[in-house]
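Remarks on the structure that follows.
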């Protein structure tokens, strides 16, 4: 049975809508859901059988580490550490491992990156080209944009060790300025661009904002980046929603609470009867939050490591 080898300050957000409060966005103590434990145990057994000794370290990050894992919606995000970059033989073995694991269990997706111990210290720029798992399928080489400061910072400050040294015993690269810059750039490159395309209703992005998935993805996604730029830390989707409630005026709370209601699987009455009205508020909130985050980024001093 897997046991944690460290005790990071991470947590699970509550399941009831809550009013704004001073600690919104912060995380509380967490536990690993059984489906995550079972999946990781299966993966490590397969990996050890295919390539004994290959996986020297195994760490959870993402929604599990941030205490906001939802089996019906979340992925299992990991960092696997090897002594050296995988060669062709090892990549073939990992391909078999991921294929077998996917055959055993399609969802949640088992997504992550394969790094060396040196990569942990060097940071994301040194890891471009390392293998990743995307929607449970092995991709032999990652490209720029798939190895990001978010992974390193989440691992350093919230990661859960299931094999190998404890997080506190590792020298994991962090750079608060690089993290803030990455998030600030991503607000335009991904989110503002997406909102611009979604403004046209008769389009795939436009129709996407009529869905529950689009509501949660957009409201909490942009709020997560806002949180990082404002605080220097990483938070979950639920934590981002609570941060938004605490940060933005009351007239934005309806769309924020709607996103939290859906995220939490709350079966109570939706806050919107008309999906077009909800879509309008998503677009308005997203554009407002992006502009506000840019303003914070442009006017703040160099961020400090949350440590």
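Placement of Cβ uses the backbone N, Cα and C atoms for every residue, glycine included.
Note that TrEMBL annotation is computational and uncurated.
Check TrEMBL against the ranges 1-29, 30-58 and you find region 'Disordered' recorded for 1-29. Across the domain 'Adenylyltransferase AadA C-terminal' (214-270), the prediction's mean pLDDT works out to 97.
Broken down by DSSP into helix, strand and coil, the domain 'Adenylyltransferase AadA C-terminal' (214-270) contains 43 helix, 0 strand, 14 coil.
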